[in-house]
Amino acid sequence: MNKSLFSLILLIITIFNLASNINIVSAISNFNINNNNKNNNDNKEIRFPTDIIIDDSTEINFNNHEDNNNNNNNNNNNNNAYNEDSGNSVQLGDIECVVCLDFLDSYLPTLVKIISEYGVIESCSKICGLLNKTDEIDICTGLCDLVGVDTFWKIFVTNDINPFYACELITACSTPKNPAADFISLGVSPAIGQSGSKFLIDLTFQVVNTTGAGQFAFIVFYTQTQSKFINYQLFEGFSPGNYSVKYDFETTNNSTFINGQYPVTVYMCNGECGTMYSTLLNQTTSYFTISNPTPTPTPTPSNSTTPTPTPTNSTPTPTSTSTPTSTPTSTPTPTPTSSSSTKTHSSHYKNKINK
């Protein structure tokens, strides 16, 4: 099967999928999301070329690769690169490259397992027939026919094979000899924000020599925890010209983003960044700053109590004064004239004393 016939088959499959509400050209987005999730879930070290230098002041450890789960808030937006000259979205590369990358992003481990277990298989239809779905079998067979079964199965026993390199070996993706790009500027806006803010990372670059399919890697370093967030954006290829690519990075309002400066590094790679088969086209670093307002301290109630006034007895204490007792003057007792009058006088005196 020649390449033009394979392109026709893929075009028919694409039309069929579009009719079934399945957009095969969304391979760029799907590949990027799947690849990012796969790398983060495996929590593997990202292997950048040794010539990439990180400023020692950032104290970054590449071995601590994590996708901050608050970055589920970081939607994996695939902002396509735009040509600064025409303003049109870049759509380079043959349909074979997009389909191949999307297909192998899902089925490369399966094909590696099939070929490892069954050994040399004499036909493309037998290798691909071990897949489960008709569409995948057709795409696999078409890719296999591009290079022939003898070359096809050997690709999947190559050490550290990845979808980009496999698609280049299959000839579905172009392999320019001297891809080159210059970075013009990298901006982050706003330059200063609070935790929970969204920051727009905007890269402007110039492609000097045509590139093949590759990736942008947007890396935000969390200096507090010595970890990082990585987002990959796939591109099919660029012809010479000026372009820009953007990525929205959303922070979270928690202890990850304390006050301080956060480095943002962008890599552009021909192929899959960090692998032995990729070419680093360029890199640059910028920063944004988190500046949260200082919380106003809440006044603490004092433990000292207001003294309670002691009530004073306003009623004066009566002063006891002795009432002088008059001593009755003894008067001569008249001589009773009769006994009855004497009794009456004695009784009256007794009563007066008892009162």
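Numbering starts at 1 and runs along the chain as it is shown here.
Glycine is treated like the rest: Cβ placed from N, Cα and C.
Bear in mind that the values here come from a model prediction, so they are computed numbers and not experimental data.
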Site from ASN132, ASN313 that Swiss-Prot describes as N-linked glycosylation site, others unannotated there: ASN132
For CYS167, what is the disulfide-bonded cysteine listed in Swiss-Prot, choosing from CYS100, CYS269, CYS273? CYS100
The correct three-state DSSP answer for CYS128 (disulfide bond) is helix
Just how many other Cβ atoms lie inside 10 Å of the Cβ on CYS173 (disulfide bond)? 25
Using DSSP, what is the helix/strand/coil residue split across the domain 'Saposin B-type' (93-177)? 57 helix, 0 strand, 28 coil
Need this for a regression test: recorded positions CYS97, CYS100, CYS167, ASN209, ASN242, ASN254, filtered to those with Cα within 10 Å of CYS140 (disulfide bond). What's left? CYS100
Can you give me the same-chain residues 6 or more apart in sequence from CYS97 (disulfide bond) with a CB-CB distance under 8 Å? CYS167, ALA172, CYS173, SER174, ALA213, GLU236, GLY237
